[in-house]
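Q: Here you go, one structure.
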Amino acid sequence: MSAPLSLFVTGTDTEIGKTFVSAALLHGFARAGLRAAAMKPVAAGAYERDGAWRNEDADQLDAAANVALPAAIRTPFLLKAPAAPHIVAAREGVALDIGTIVDAHRRACEMADVIVVEGVGGFRVPLADTRDTADLAVALGLPVVLVVGVRLGCISHALLTAEAIAARGLPLAGWVANRIDPAMPFADDNIDTLRAWLEREHRAPLLGALAHMSPPSPDAASHALDVNLLLNALRAAAPR
């Protein structure tokens with residue numbers, strides 16, 4: 001059996017569709033015949049149901065995955081308040097330890113063929129005084145998929161994020177254009193610009209451009225993503 005594949009999903013900002021795209025990728029991987037699991041290592045914002053604390057993003061990932069990870073592996077750190085993780089963690093007396101997440105990821109890799117790891121917020125969200133989500137991606141050593149929320153300002157946000165990813169020595173396996181503003185003028189032109197710049201500067205292909213959906217359907221969106229292109233990039237980036 002080949003070694004499991006894994007990727008780190010980040011975004012140009014918060015609330016731009018990382019969970020939606022991650023769930024769509026999970027559907028695509030499952031359709032490709034892979035055992036697909038998801039991690040949301042740090043989740044901020046919880047609700048209680050049946051005596052257990054849950055998170056809506058994690059619920060969406062669970063619904064899309066065809067391999068269910070134990071909650072403690074899927075989300076090692078579930079914070080109650082929906083705010084910046086390092087602030088909430090400090091108030092709740094929780095240390096967001098990257099080593100704990102790396103260990104959970106190692107265990108997840110024993111259970112599935114491909115693991116989608118969804119970050120929190122953008123690429124550089126503080127987890128502690130001196131560590132952020134970029135440090136987490138480096139510790140995991142994973143190729144990155146960038147979700148670009150297509151709205152005014154997205155070109156600069158995407159290029160800056162791609163630079164930050166490259167500066168940490170991580171491969172940008174591809175990016176997804178997610179149309180979060182259905183009224184945005186020249187959306188296709190923005191996507192075309194990013195396609196050219198990210199390909200030229202980072203050799204990062206566009207994996208798909210997702211139409212605005214209301215309500216969102218990750219399963220439907222998965223058909224617009226080139227999962228095989230991504231799988232080839234992940235295999236090329238995997239340790240030999």
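Each Cβ is built from the backbone N, Cα and C atoms, and glycine gets one as well.
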Q: Since Swiss-Prot lists ASP57, GLU118 for Mg(2+), which candidate among THR12, THR14, THR19, THR161 does it give for that site as well?
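A: Site partner of ASP57, GLU118 for Mg(2+), according to Swiss-Prot: THR19.
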Q: Which site among GLU15, ASP57, GLU118 has the most other CB atoms no more than 10 Å from its CB, taking these as binding-site residues?
A: GLU118
Q: Counting other CB atoms within 10 A of each CB, which of the recorded positions LYS40, ARG179 comes out lowest?
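A: Each of the recorded positions LYS40, ARG179 was scored; lowest Cβ tally within 10 Å is ARG179.
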Q: Count, for each of the binding-site residues GLY17, GLY119, the other C-beta atoms lying within 10 angstroms of its own C-beta, and report the residue with the smallest count.
A: GLY119
